[in-house]
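Engineer: Structure in structure tokens, see below.
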Amino acid sequence: MKKISNNIFLIMLIFGTLVTISSNSWLGAWMGLEINLLSFIPLMNDNKKNLLTSESSLKYFLTQAFASSILLFAIIMLMFLYNNNLSLYNSFNEILILSTLLLKSGAAPFHFWFPEVMEGLSWVNGLILMTWQKIAPLMLISYNFIYNFFMISIILSMLIGSLGGLNQTSIRKLMAFSSINHLGWMLLAMMNNEMLWMTYFLMYSLLSFSIVLMFNNFKLFYFNQIFNLSMMNPIIKLLIFLNLLSLGGLPPFLGFLPKWLVIQNLTAMNQLFILTISVCLTLITLYFYLRLSYSIFMLNYQKNSWMLKNNFNNKMSSISLIFNFISIGGLVMISMIYIIM
């Protein structure tokens, strides 16, 4: 019964996003966002015995409900001003709408809820929050943005996403700050090319799915669990290490490709200042990924009895290896296809 209800909520979740991105009015987009929100809340409460999960779902609901209320207020104000032939909405109202959409997507400076909510979720729900739940807000943001306000959000997202992950011991919080950093890159791509941010989002979703699949199969939530896992299987340790570097955007992995496309686009547009800041802040994310990887490879940890159980079945192993191969060697394959063509 629970599985059937979860499938219904998952279908409604997808339906809500499709309603938002296909709507031709702000009110229809708002309704789609609400359907999406009310479908995701039951999915978040997959473990009612875990108080941290209940706390995360409550935080998510309060944050999204507040953003939806402000968005509805801004939409009503927009309709009122438009019907009365007033042009006052051009400044305040656009900032209000953009702020609520940035809050819903978890971009800085409205990111405060995102790491805390991620900490209490399962890996499957965390993956949905990092990927699918960003589609509708980002699509609406692409319709309506203010350059100066947008630029502030981009720089803050990259800065907080980089510095926030430095002293983390929780993998879920690290992935949350990494998502904030990548969101800054998506917004930067959105400023110059509408298709570019979609390409970046697809690549990021693929990389996130690849690494979250491994974390979920091994029930990894904290770094010390990865250290103990390294005593069991060096190959799995290596795959996690390479996936982290790919997610950080280090060449020659697939994660470098979307950043490379954004860098090329910014260079062509002669936006060298924001490009320099973006690359420098991305180096910080690579630093804490490399620091974590160094600890996994070089340091020895005592084997704990609770880590002896291997949850990695053959079916999931095959799926994970396929996605890991794409994540790690995708850029090489794309380069070979490009050379052949």
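Glycine is treated like the rest: Cβ placed from N, Cα and C.
As annotated by Swiss-Prot, transmembrane segment applies to 8-28, 61-81, 95-115, 145-165, 174-191, 195-215, 238-258, 272-292, 321-341.
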Engineer: Which one of these stretches, 95-115, 174-191, 195-215, 238-258, has the most C-beta pairs shorter than 8 Å to the transmembrane segment (61-81)?
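Structural biologist: If we count Cβ pairs closer than 8 Å to the transmembrane segment (61-81), 95-115 scores highest.
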Engineer: Thinking of Cβ pairs under 8 Å, which stretch from 145-165, 174-191, 238-258 has the most of them with the transmembrane segment (272-292)?
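Structural biologist: The stretch with the most contacts is 145-165.
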